[in-house]
């Protein structure tokens, strides 16, 4: 099965890891979320998961999606066509997340996250400038549209792709279901809070 998944080669190190984990959790039941919080052995994994999940929410992806329509209209894209551009944004995110699947093992999680966050921060900084100069030059709105695509691509290659596999890679089998539940709850609560607070900030 391992050869079928990863091709020919020496995969004994990975098989040894699988067997060692199987031995370590033999007879152990799946842990609950309460167990996840109580066990000090997984405290740093839990903090790491929470921080990456929080950064994913706070980086501004939802805000960019929220304002993308206005930016597209300002760029001169006819309202009837903006739906296609929005669809293009969604497809871009899907494709870059797939690309992340191929890059994640080569580049490493940390590298993908840091570089993606750096590009996203730069894109947001430039987007702030282009939105401020929107009415000054006729070509500036198109720069804003391009920056939105750059931002979405960086998000797909980094946080969106890395966060999906993180609970599996940070926790042993008995803690994984609880880690996925914690990750989902964290994401939705933060999204809810941002949804409530952001209009007041604006």
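The backbone N, Cα and C atoms fix where each Cβ goes, glycine too.
What TrEMBL says about a protein is an automatic prediction, not a curated fact.
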*asked:* Of the ranges 26-43, 116-133, which one does TrEMBL flag as transmembrane segment?
replied: 116-133
*Same-chain residue ranges lying at least 6 outside the transmembrane segment (46-68) that approach it to Cβ under 8 Å*: 36-37, 86, 89, 113, 117, 120, 124, 127, 148, 151-152, 155, 159-160, 162-163, 166-167, 170, 179, 182-183, 186-187, 190-191, 194-195, 198
_If I count Cβ-Cβ pairs under 8 A between the transmembrane segment (83-104) and each of 116-133, 139-166, 178-201, which range comes out on top?_
139-166
*Taking all residues of the domain 'Major facilitator superfamily (MFS) profile' (1-202) together, what is their mean pLDDT?*
84
